[in-house]
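K.L.:
Sharing a structure here in structure tokens format.
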Amino acid sequence: MSDIHNQFNSATFKNTIFDYGGKKIPKALGRFPVSPNVFIGRENSTKQIHEKLSSDVNQHLLLLVNGKGGIGKTTLASQYYFEYSEYYKHLIWLVSETGIKDAIMSLALSLDIRFQDNMAQLQKIREIIRVISTLKRPVLIIIDNANSLEDLDESYQILRQFHNTHILLTSRIEKYEDIATHKVAHLDEKTANRLFKHYYKAFKEEEQELLDAVLKAIGYNTLIIELLAKNLNKFNTDLRAHYPLQKLLKDIQKKGVLAISKSKKVRSDYKLLPATPEAIISTMYDISELSEAEKQILSIFAVLPATSIPLNDLEQFLPSIEELDIVLLELSQKGWIDYDKAFQSFKTNPIISEIVRVQNKDRLEDDTLSLVNLLINMLDYELGIGHIEGDFEEIKKVVSYAETFVYNFEVLNHNKTVVFERVGNFYKTYGNLDKALQFLEAYSKLAKELSESNPTNIDFKNSLAISYSKLGAIYTTLGNLDKALQFFEDEVKLFEELSENHPSDVVFKNGLAISYLKLGVTHTALGNLNKALAFFEDEVKLFEELSENHPSHVGFKNGLAVSYEKLGETHTTLGNLEKALVLFEDEVKLFEELSESHPNNVGFKNGLAVSYSKLGETHKALGNLDKALAFFEEYLELTKELSESHPSHVGFKNGLAVSYSKLGVTHTALGNLEKALAFIETYSKLRKELSENHPSHIGFKNGLAISYEKLGETHTALLNLDKALVFFEEGVKLKKELYESHPSHVRFKNGLAISYLNLGSLYVDKLNQKEKGIPYLQKAKVIWEELTTNFPSYVEFQNNYAWIIEKLKSLEWST
């Protein structure tokens, strides 16, 4: 039976890497399909598929269909993938688990596409289509399990936008009006017999009638044939039949499968004749008959993606199972999972996963406990910066596991909320704020359900408080300070309750301290300095108590350092520079101790870098430029190390940009204008990259505006007045957009006044165009007058207002 063995498989496949202008794009994109080990009865199908895909009449779009699940659509598609792998320059295998559009979206990482955060999904898909259109041709896209008619309706026009691309969809949809089809019928009786006997080695000729009856009962379904034959083969030998064909047939008859097979055809999610694979597998493969280890393994597969999972990963997910490889191979022999020998990976069928989730419902939580704990630990991060330790590609893979887990795992428990939180942190840290918000909102929703259904459980209440903190931080980044304030106030309320009711629990006291920090930062942004000062003082008080009582706890020491920083920033804003200097020196001392005792902790390293920056700013304000320069050089060195070691971390890249800015401003003050220009140009370049890649991040947009102003100031000093004018105008444009979008943000309002001042001063003092400059200065005056009235505690606003009044008076006198 030489036709059984597949000569085209993953072992012979060469995944060439193509260079597209510096981007390394592999030949195979998306997921890697399992190559068929057995391919019977459809030997001519791949040629027919290729002819249909290549036909201009079919517009290179083909629906590989049959109403029956498990009939062999995926196997045929995989066979075509490998058999024609040399014909195509690129092969893309996608699985439509949550829809065709989501499947296409999953290509973004493989294609090295970075989206703007505010782009709609359709815009992102169009960009993916555009990039694919630039790849070497021809390109094959296979979308497996595209079973939803509504989803295909929504995605059809998108699929038509792919040009010079062959698209093959496997689906249970019988037909689609505008797409050519290739129907995959069930095996004929003769071929079905061959397939069954290939897997069932103990078959005896006198059992032929029984076999014919069984095959007819299951509708000659390819998947079910394989499962039943492998299962029988496991139980029966040439010597003894422990589960004979006759018993198998009686079991099917007793459970009503034959009666279902003779009923009329009905349209359903699984349009199977004579019965659905789910019904057959559920009755014939009763999970209760499996060993405990096998049940647990299937539970793991049931909550993970229906794609190849390497043995190494499974060994981590199932540490308690001895000789896991042997048990996995036995499950593969029985037909529950597929084994890819070349890649030492295993895959299950989505239908089987669904059935396992139902049959293992009562044990799913216990079976997957080791998996969920591992996901939580692997996605653990450093507080404050969100950094996840490990290889970035491995982290992305773990995130994909975690995302599938939370949607397949229907049990509501604390661990599930933590996984949502971990995934949300990943997306926030690496700049995808939309997905971060999606997962953190789900985290908060589940945490609230748990807390409300278990009101006496303090851990659930603590988790809910933390979820409010996470949502507040996201909305702060998005510029929605009012929403952020509400979440932080809710957080404080919960932590005050927990801390009052459990005064000896340091976790709650720590949470309360951090919640005060969040409220302080938000009130600072809203211009409420007195409120901010009070919250920061409360924060410092709590962290001093925690740190004194637990001197070896690095988290409390870190919290104390940060509290000194926030209090120092507030005193700086209030004009108390000497107080601020003492606080920043205390902060540096703590971070130096933390960094020295934990040199591999990037959070402490980043904290030390920021503390040097704060000292530099304070010494600059006090006129100690040489000291300021030294601290800013230390700041640059550390941020450069962090950014180079973790290039995907947008926070570290932002820190690097700021360090260049600080050095540029200091060299300007020292009169080193050429040096200053070089630093500020680098600063502006980094800011532009951050702003373009993350347009919904208002901090990056504000930073870009500031960089334009710094470039304008430097070119003014160098007498490059035309260049200075362009940069000041760009700065005004961005600052105006920021203020109009976020009118309650006092820093943006003050920033707009500064940009008006810069542009007006250039016209008046350098270009001798008072008629153009004075209106800008008057706009700055109006803004600072409002700011000093509404926020009298801000020394900066008072000084700016006094200065602009004198400036305008002098201009009136001169005219």
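Glycine is no exception: its Cβ is also placed from the backbone N, Cα and C atoms.
Got these off TrEMBL a minute ago, pasting:
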type   : residues : note
DOMAIN : 43-199   : domain 'NB-ARC'
REPEAT : 465-498  : repeat 'TPR'
REPEAT : 513-546  : repeat 'TPR'
REPEAT : 561-594  : repeat 'TPR'
REPEAT : 609-642  : repeat 'TPR'
K.L.:
Count the CB pairs under 8 A between the repeat 'TPR' (465-498) and each of 513-546, 561-594, 609-642, then give me the winner.
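P.N.:
Comparing 513-546, 561-594, 609-642 against the repeat 'TPR' (465-498), the winner is 513-546.
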K.L.:
Quick test of the contact rule: Cβ under 8 Å, at least six residues beyond the ends. What residues does that give for the repeat 'TPR' (561-594)?
P.N.:
384, 513, 517, 520-521, 524, 529, 532-533, 536-537, 539-540, 543, 554, 601, 604, 607-608, 610-612, 614-615, 617-619, 621-622, 793-796
K.L.:
When DSSP states are grouped into helix, strand and coil, how many residues of the repeat 'TPR' (513-546) land in each?
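P.N.:
Reading the DSSP string over the repeat 'TPR' (513-546) gives 31 helix, 0 strand, 3 coil.
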K.L.:
Which residues of the chain, 6 or more past the ends of the repeat 'TPR' (609-642), have a CB below 8 A from one of its CBs?
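P.N.:
For the repeat 'TPR' (609-642), the list is 561, 565, 568-569, 572, 577, 580-581, 584-585, 587-588, 591, 602, 649, 652, 655-656, 658-660, 662-663, 665-667, 669-670.
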K.L.:
Mean pLDDT across the repeat 'TPR' (561-594), rounded to an integer, is what?
P.N.:
94
K.L.:
What is the three-state DSSP composition of the repeat 'TPR' (561-594), stated as helix, strand and coil residue counts?
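P.N.:
Across the repeat 'TPR' (561-594), DSSP assigns the residues as follows: 31 helix, 0 strand, 3 coil.
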